[in-house]
Amino acid sequence: MVRPHVIGLLCLIGVTTAVVSPDNSCGGSKAYTCPGSLCCSQYNWCGVTDAHCGAGCQSKFGQCTVTSGKKITPDGSCGGSNAYTCTGGTFGNCCSRYGFCGNTDEHCLNGCNSQFGDCSSISVGGVPASLDGSCGGSKGTTCQGTSYGNCCSQWGYCGSSADHCGTGCQSSFGTCSGGSGATTSAAKPSASSGSGGGSKLSPDGSCAGTNGYICPPGEWLWGLPL
């Protein structure tokens, strides 16, 4: 006869403890669970918008209903004693660690408070916005709403020039109209730098070296401004 405590031990074997997401991603190969009452979208990002909690929402990794009672910020502040949320407001969807809404890296990255906003940030339909000027590819990031320009070129770079918004523009990762304004990134890798196929915008903060990555406009190289 198997003793009760042995049965209990056997039941515990194979039980996997859910890991709360440290970076606002969810599901996927890491099987992270969204914190609090956030929903896990079909694109594996946590948030509280209809795009996260509606069609394709993954109930295994978070809630799939919009939490009622959330108060949209009237003044751009978030969290704190008022518990205002940025999502759905006009100041930007991310709640920074200092309690202010916005759409910049300062709001949406380090210390972003996912309980009072959407840290996948400037997202369109639950698709994460580009943080480095690249788009599409394995990350599936969109240019729309970013400071790099709304169009994703056929080479996977954000911008607003005719090269970005014209032939080959990827409409799945941004808009493909209005290609006449200024742009902050090249439509394709430069042929004048690096070996082989030219340089590529860094996807992970590293630069130069064997990969030949270059830093996005306005970013820093080893603590020194570009």
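Here the Cβ of each residue, glycine as well, is placed from N, Cα and C on the backbone.
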TrEMBL annotation, disulfide partner of CYS108 among CYS94, CYS95, CYS101: CYS94
Disulphide pairing with CYS151 per TrEMBL - partner from CYS135, CYS165: CYS165
Partner cysteine of CYS39 (disulphide bond, per TrEMBL) from CYS11, CYS53, CYS78: CYS53
Per TrEMBL, the disulfide partner of CYS34, chosen from CYS46, CYS57: CYS46
Average model confidence [pLDDT] within the domain 'Chitin-binding type-1' (23-66): 83
Same chain, 6+ residues apart, C-beta under 8 Å of the C-beta of CYS34 (disulfide bond), given in sequence order: VAL20, SER21, ASN24, CYS26, CYS40, CYS46, PHE61, GLY62, GLN63, SER114
Structural state of CYS34 (disulfide bond), classified by DSSP into three states: coil
Residue from CYS94, CYS151, CYS165 whose C-alpha is spatially nearest that of CYS53 (disulfide bond), among the disulfide-bonded residues: CYS94
